[in-house]
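K.L.:
My questions will all concern the structure given below.
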Amino acid sequence: VGFKAGVKDYKLTYYTPDYETKDTDILAAFRVTPQPGVPPEEAGAAVAAESSTGTWTTVWTDGLTSLDRYKGRCYDIEPVAGEENQYIAYVAYPLDLFEEGSVTNMFTSIVGNVFGFKALRALRLEDLRIPPAYSKTFQGPPHGIQVERDKLNKYGRPLLGCTIKPKLGLSAKNYGRAVYECLRGGLDFTKDDENVNSQPFMRWRDRFLFCAEALYKAQAETGEIKGHYLNATAGTCEEMIKRAVFARELGVPIVMHDYLTGGFTANTSLAHYCRDNGLLLHIHRAMHAVIDRQKNHGIHFRVLAKALRMSGGDHIHSGTVVGKLEGERDITLGFVDLLRDDFIEKDRSRGIYFTQDWVSLPGVLPVASGGIHVWHMPALTEIFGDDSVLQFGGGTLGHPWGNAPGAVANRVALEACVQARNEGRDLAREGNEIIREASKWSPELAAACEVWKEIKFEFQAMDTL
């Protein structure tokens, strides 16, 4: 058969509704908005083609390989209820299209080119099914939830954190002082802000030294293990690893990375270093909203969360459901489960398009932070459960009496909520009452309750199904 040149419809090759998906396929659910006049099958097939083996015309070299073995296939298309001209296109990719252990390569293939495609008005990657055959090629989180609890000797409750503010402008010594006050008051962790790297007003090495001093002082006073997320994010991978090495030499328990701005390659390198050297790794998701906020275009955060679990991190920010930053309850809980659990059933009501089996990849602790304070504690304890980190930045440092009393207020509120829950009380219904009772015994908590009694951040949720 001679080579037949020319342009042919994608759907002739890449739309295969009778395809049976394999256990080793990577499956993707795309929300496709075709341009007017483009049939959904053609749009779905175009996505499958452009994100796998296809190009815009048939090429002579197609004859030198087996397209059937390597092509992505659009195997199902369904209209999105309540939206006109939006479809969910399901695409199956053969495992051999991807380099083992590389989130970078996976994303370059699946979302690399296709989002600029002219036949589509908009495109969003809603979910990915990562087969065990692929996830087993990743180290995953450096330590995971259980090992972290064992290292810190903290069980049966969420962990408490605080981002040091003002995020930019403090000198290293004053920064360390703020860290010490928070940890002394009863927090488990304090945190570098995501944009604190190594700036003229505070170089990274000075900050690391003063924070380590604060850590050890607070540890000696409280008898509890303390941590400060030292942000190792830097302009080059080598510099990032250098900072992580220095943190390890100081003997601190945890470092931090901005995984989207730093990039998956850097993040995976750091995760490997952290496992090899006994450091926990806290992950911040700066830049995520650029990618995930639009309903019809981009990548949903649940995909970025799955990618992080593969690349590696022990904590990741995941919205609060109640604070100042976005997060719809069911959907947020959907990807919180994807981060923590071994096996997650498909559940479209929570935005989970595929059953995901992580086999034994360690879990990641979700971090709730952003505009939360003591009155939110019952809701947060109920929504996130024990395996989470609750971070109060302004909710600690904004306390009228200072950082340490702010930390005391949060710790008392948390312990009261955990105790009430363990006694079988309903946090959703009696939450305010529980906090009020506890504040009778803690003047610090009473003062915090007074300051924030009226604060609410209420807007319509953007992320609905």
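Any Cβ shown, glycine's included, is placed from N, Cα and C.
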K.L.:
Which one, Arg285, Arg293, Arg340, is listed by Swiss-Prot in the same substrate site as Asn113, Thr163, Lys167, His317, Ser369?
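P.N.:
So the substrate site in Swiss-Prot includes Asn113, Thr163, Lys167, His317, Ser369 plus, from the candidates Arg285, Arg293, Arg340, Arg285.
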K.L.:
Cα within 10 Å of His284 (active site, proton acceptor) is the criterion; apply it to the binding-site residues Asn113, Asp193, Glu194, His317 and give the hits in sequence order.
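P.N.:
So the list reads Asp193, Glu194, His317.
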K.L.:
Listed recorded positions are Lys4, Lys191, Asp193, Glu194; which of them have CA atoms within 10 A of the CA of Thr163 (substrate binding site)?
P.N.:
Lys191, Asp193, Glu194
K.L.:
Hey, how far is Lys4 (N6,N6,N6-trimethyllysine) from Asn113 (substrate binding site), Cα to Cα, in Å?
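P.N.:
Lys4 (N6,N6,N6-trimethyllysine) to Asn113 (substrate binding site), Cα-Cα distance: 26 Å.
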K.L.:
For Lys4, Lys191, listed as recorded positions, tell me which one has the smallest number of other Cβ atoms within 10 Å.
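P.N.:
Across Lys4, Lys191, these recorded positions, the one with fewest Cβ atoms within 10 Å is Lys4.
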K.L.:
Are there binding-site residues among Asn113, Arg285, His317, Ser369 that sit within 10 Å of Asp193 (Mg(2+) binding site), Cα to Cα? If so, list them; otherwise say none.
P.N.:
none
K.L.:
Give me the non-local Cβ neighbours of Lys165 (active site, proton acceptor): same chain, 6+ apart in sequence, Cβ-Cβ under 8 Å, ordered along the sequence.
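P.N.:
Residues satisfying the criterion: Asp193, Gly393, Gly394, Leu397.
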